[in-house]
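K.L.:
Take a look at what Swiss-Prot says about it:
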BINDING   Cys12, Cys15, Cys34, Cys37  Zn(2+) binding site
BINDING   Pro118, Thr119, Gly120, Ser121, Gly122, Lys123, Thr124, Tyr125  ATP binding site
DOMAIN    1-53  domain 'ClpX-type ZB'
Amino acid sequence: MAGNRNEEMVYCSFCGKNQEEVKKIIAGNGVFICNECVALSQEIIREETAEEVLADLAETPKPKELLDILNNYVVGQDRVKRALAVAVYNHYKRINFTESREDNDVDLQKSNILMIGPTGSGKTYLAQTLARSLNVPFAIADATSLTEAGYVGEDVENILLKLIQAADFNIERAERGIIYVDEIDKIAKKGENVSITRDVSGEGVQQALLKIIEGTVASVPPQGGRKHPNQEMIQIDTKNILFIVGGAFDGIEDIVKQRLGEKIIGFGQNNKAIDDESSYMKEIVAEDIQKFGLIPEFIGRLPVLATLEQLTVDDLVRILTEPRNALVKQYQTLLSYDGVELEFDQDALEAIASKAIERKTGARGLRSIIEEVMMDVMFEIPSLEDVTKVRITKEAVDGKAAPVLETA
């Protein structure tokens, strides 16, 4: 009987242990592997992946190189681009420094970033461009959709799920990614005094975000949504994730004026020019942000403050034409596939920029304006074989005339 038992015993093809010495043995095509060897294999793969990620980060571009990359895609905002280049370089240098030295008594803090600037000034695009240039996973979240645990809405952990998905569920890569949280000003407390009642979309969300921003091992539901008992969770350490948060902070310039001892512009007085408003934005300090409604602990985890300026007509015209993937170049490429040249008059470009400013959409509104102007042209051109050139005039932008079509 004993001999029969040995003949029926299954052994791991890798470590030689039998089925009684381990918890489980998985059968394959003529081979067997035990749970212990599976766990060891996973650990080896995890370590090798982490080494590959660190090797990639060791080649992080220097601040000047990052600035050159940003300049290829982003027009203006020179102060902000320099600040971001330094902060991002220091962040990944910190990761390399921490990982490469064991008994190190110097604790380098994260360089998380707070960007303040009007709608359409380039906050999201700057963050996207940085992540793309570094080849790291990137996720965007809207703070207004977040609620603290226990309320209807999105848990803050779901932000981390977006990053994990962007990293193709490679946790090591995700743990060194970048998360951009937009509309952060919309979760400001209403006033400086702490509310007695629970603040679902204000301080409570700030407290929840604070934990993952400062660094914690978070449990993330793999399918998103709310956490449920007995649900298997993904564990992710956020200590090396770079958080960039942004918002318009409408009205914060009045708080700055009060602090500086100047009267707030009221009825019967002329509004300040954009240049004056921009100068106030440059004076923003942590005290002003706290008065606006962000809690001190949250502000303290965002040491790098970058304020973006309102884009002018000249800035928007440059955005339309200069960057590597400028909108004008994109539409010229589209029409070139139909064998047609596309040209914008200078005053047409200025009219497009002026419309974006009037609509208070900034750079993000430029594409929709061009679409309005180009819609009929893009509909007709593929069927008009004799057209060789399309010229967009100011009158076409203003809706007073059709674009000029030139034929062979």
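Including glycine, each Cβ sits where the backbone N, Cα and C put it.
Let's see these features in context: how buried, what's close, how far.
P.N.:
The Cβ neighbour count for Cys37 (Zn(2+) binding site), using a 10 Å radius over every protein chain in view, is 18.
A sphere of 10 angstroms centred on the C-beta of Gly122 (ATP binding site) encloses 29 other C-beta atoms. Secondary structure at Gly122 (ATP binding site), as computed by DSSP, is coil.
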K.L.:
Across the domain 'ClpX-type ZB' (1-53), what does the mean pLDDT come to, as a whole number?
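P.N.:
Mean pLDDT, the domain 'ClpX-type ZB' (1-53): 77.
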K.L.:
With the cut-off set at 10 Å between Cβ atoms, which of these binding-site residues ends up with the most neighbours? Options: Thr119, Ser121, Thr124.
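P.N.:
Checking each of Thr119, Ser121, Thr124, the winner is Ser121.
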K.L.:
Could you list the residues of the same chain, at least six apart in sequence, whose Cβ is under 8 A from the Cβ of Lys123 (ATP binding site)?
P.N.:
Met115, Gly117, Tyr180, Asp182, Gly246, Leu308
K.L.:
Counting Cβ atoms within 10 Å across all protein chains shown, which of the binding-site residues Cys15, Cys34 comes out on top?
P.N.:
Cys34
K.L.:
In three-state terms from DSSP, label Cys12 (Zn(2+) binding site) for me.
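P.N.:
Looking at the DSSP assignment, Cys12 (Zn(2+) binding site) belongs to neither helix nor strand, so coil.
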K.L.:
Around the C-beta of Cys12 (Zn(2+) binding site), how many further C-beta atoms are within 10 angstroms, looking at every protein chain?
P.N.:
21
